[in-house]
Every structure is written in structure tokens, then in C-alpha cells.
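Visitor: These came from Swiss-Prot, pasted as-is:
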type	residues	note
ACT_SITE	Cys225	active site, proton acceptor
BINDING	Ser103, Gly104, Trp105, Gly226, His227, Asn385, Asn386, Ser387, Pro388, Ser389, Thr458	substrate binding site
BINDING	Asp187	Mg(2+) binding site
Amino acid sequence: MAHKKTYSQLRSELLARYPVGLTKGGVSIDDIVQLRLQSPYESHLDVARAMASVMRADMAAYDRDTGKFTQSLGCWSGFHAQQMIKAVKRLRGTTKGAYVYLSGWMVAGLRNRWGHLPDQSMHEKTSVVDLIEEIYVSLRQADEVALNDLFNELKDARAKGATNKACEEIISRIDGFESHVVPIIADIDAGFGNEHATYLLAKEMIKAGACCLQIENQVSDAKQCGHQDGKVTVPREDFIEKLRACRLAFEELGVDDGVIVARTDSLGASLTQKIPVSQQAGDFASSYIKWLKTEPITDANPLSEGELAIWQSGNFARPIRMPNGLFSFREGTGRARVIEDCIASLKDGDADLIWIETDTPNVDEIASMVAEIRKQVPDAKLVYNNSPSFNWTLNLRKQVRAQWISEGKIAEADYPDGTALMSAQYDTSELGREADDRLRQFQVDISARAGVFHNLITLPTFHLTAKSTDELSHGYFGEDRMLAYVATVQREEIRRSISAVRHQHEVGSDLGDTFKEMVSGDRALKAGGAHNTMNQFAAE
């Protein structure tokens, strides 16, 4: 996107072309100004370039002040993304620091042609590209609707003979309008194939608008959700080649500031598909192989037909191989492998951010790993998955209980261990309140102590849709009937100033009326007349 021109600049340029203020066909230059300001991006590739610059600026701001971390919610439709960003703008008065996360899990579970699938790269890869494009269409339409309202306000003011000062104030709001378009962090899973397949998919995702790609170090054809068992990682040189594929896609398309997130699943991954070939001591292959689970080859434990042996520390050893041919890592090596993964991705893979998939939300655990990584890469920054796969209530209450017992503040018998801590009776207890305070502070703490630049929740709109639909259905099909809808949905929309309560306006009905006026004038057949029931929701 070129430098954004102001209302006055565009109008002056058009007036030079059409001195009477109209085209030969009778179109007003004021209408052309409106359409151009409503659609400043020539393509979604233009969006990717602009949002990459936004993200780079945010990363630099975080380096100066860890309190300036960014956030996102995972969205499985353009409408979810649009409503999230509208809510942020209504709350903060700005979209600054708010992104959209595109979750591969939700694409698999909700946005593919084969039904609800697990997060195992089983869905068609084009679904990811389609969702990126859909999200940006929705965000850009939110801009069009909001700016159309401002232009209608300007037209009404002029029609009523408002002063120049009053009109200039509206024009100032048009020029200062902050777009709903924000960066997307898009999940490319493990690349959906080999390096070339990764590159081809990355290009399509970028052309759809993605300024940031997140890729993981699992085997593409054996990929699992990061919070499931049976994860299989690839050797580091293989993963670095996929990172390079993503970088080449950005470079080819001229997205110089494109951001790559390298995710490691090694903390919970106990298997590898292959043993890489080491060329010399200390290379990527040797540092990967050293963590394999092996057993010594002796006269009492010789090699059998078809078995493999590797040379380690001056002796031959047998790597433990599963019945499916996969090789096992030694137990307790996940943390060390994560640290090595992250350093390699940042130093040799040209990744910009790292993502460590964990099994519990523990600030101390993440911070300790980041401290080791920063010995090699001092400015290492993370994306952290505040995952719905964690039982947050139970985890935080258990952390508080354990700490208070170790400090002598409580006895073990004061609060139960395990799932009993989930009981609602502890919601208002001292321990429950402390756990909730830590939840409220969690993202601040992990960003300050563990280098987390971006906090996201992967699947919130999946769970929100399930919960809100259940809530409405329970009342509507129960005794409350229409009261259930009015009390739990419509009244809340009105009282919270949620623009979607005017659903016709939200999806662009007024945009259509405006365009009809542009081309038809008084002949326009408009939907927004006196008999439109949306008038019942007009702002007081």
C-alpha cells in the first residue's frame, strides 16, 4: 500500500482531472474519493506487506518495553475476526497490539469439506488459504461500513448547511480513521509435504494476506496436535530447510519484513522418524542423534538380522526402534532438545520468533528454557500458546497450593490435591482468588520473564460457539423460549453497543444503498428506508 492520501489530497487530484466535479458519465468526484478511501489496499499481498511492517514495529517496541506484548484470539471465520477486532477497538479506542490467529486445529475441525477432523494435517491445504482471504475480506468490509457511516454523516452535514468547521471535523475523523486490518499469524502446520510443497503453500498464504507464518518441527505425514501424544519430530536440518522455504516465499513476493515463527514440539515428542547422517562432530545431525534412546551391543546382547547400530562415544549402540519403525528419544531429554531446536531455528533457520509447545502453563518452566536460549540468542522472542488444552483453573490452583505448602502457609490437608480443586466451593476461597489473580497476571508475567512477545489463545471461538449455542438452546428449548434469546443475546448486544445488533447494517446493506445513490441518484431503490426494522435499533 502506498502512503495513505488524505481526503483533501484525493479530492484535489480528482478535481484536476474533472474540473466541474463530475466525470463525463455524471459520477461525483466525492463518491470516487469515498470509494478510494474505503479500499486503500490494491490486493491482499499489499495487506501482507503492510502488516509485516506493523508486526516488525511491534517487535521492536517489545524489545524496548516487555509490557508492550501483543495478543490474538484464534478465529475460524472472517466474522469472528471482524467482531473480535471491533470489540478491541471499542474497548481500547485502537487496534494496536491486537492480531488475529489462524489455527490449523480449527481449520481441520471446522473449515474443511470432510467434516470435523482432528489436527493431523488431514484436511485440504487450500482451506487455510481460503480462511486467510476470508478474514481479510471481513476486516476490510468493517472499514468500508464504518467509513461509509462517516461519509453519510458528512453528506448530511453539508445538506443541512453545516459550517465549514463542522464539515472539516468530520473529514478529520475520516482521515484519522484506524483500520480494522491487523496482522494474522497463520498456522501452516508442518508444511503439508516436502520443502517445495511448503514453499508453494506459503506463497498462497502470503498472497491471501498472511504476514506471519507459523511452522512446526513435526513430521508432516505423521503430524499430531501439539497437546496430543505420539508426536514425531524431524531432524533439525530438515526443519531448517522448511524455514528457508517460507523465507523464500516471502522474498519472492516482496514481503521483505515477513515474519516466521518456528514452533518446537520436542518437549512432548518422544519419537523421530529418521536418524540423520552426521558429517562431523557437533553438526546438527550429531546433536540430534545424541538424544536417541539406545542400548549397548554386547556378546550377551548382539545385533540381530535387520537391526541397526550407530557409533556413539567410541562404541556401537542399538537405537531403540518401535514396531512402526520410529526411533525413541531418551526420557527427560525434551527440555534440552527444545533449547537446541530454538537456537538452531533462530541462528541458522532465519526464524524471527519461536514457539515452545508446553503441557502446562508454567511461567517458571518457560522462563528457564528462554534463559538458556538467550545465552546464544540474546534477543530471542516467543509466541506463547495460552491453550484451551490446559485446565487453567486446576493448573493454577495446584501451583498455588504447592507453593503455599512449601512456604508453610498452609498444610496439605487444608486443600485437596488433584481434580477436587476444581470444585466451585473453592472459587471464593483464598486459594481460588489467588489463582484467579495469577491468571489475570499470567500474560504480563510470562512476557516480562520469559520473552513472550505474543500471547494467543488457539481455539477460543470454537469453545465460545459451543458454550453460547448451548446456553441459548438450553433456555430457548426450555421454559424461557424467546426470553432466552432476548436476555442472553439481544439485550446484551444493545447494552454493550455491539454493532452486529443491527445485522443488516453489519453485513453492508447501507453500503449497497450508498452505491445505488452514487450511480442512480434519486432513482435508487434503497433498503434503508423508514420501514426498515433496523431503525428500531438506532442509537439513542
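Just so it is clear, glycine is given a Cβ too, placed from its N, Cα and C backbone atoms.
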Visitor: Cβ-Cβ under 8 Å from Ser103 (substrate binding site), same chain, 6 or more residues apart: which ones?
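Guide: Same-chain residues close to Ser103 (substrate binding site) (Cβ under 8 Å, separated by 6 or more) are Gly74, Trp76, Asp187, Thr458, Leu459.
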Visitor: Using DSSP, would you call Asn386 (substrate binding site) helix, strand or coil?
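Guide: Once the DSSP labels are grouped into three classes, Asn386 (substrate binding site) ends up as coil.
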Visitor: Measure from the Cβ of Thr458 (substrate binding site) and count the other Cβ atoms within 10 Å, all protein chains considered.
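Guide: There are 25 such Cβ atoms around Thr458 (substrate binding site).
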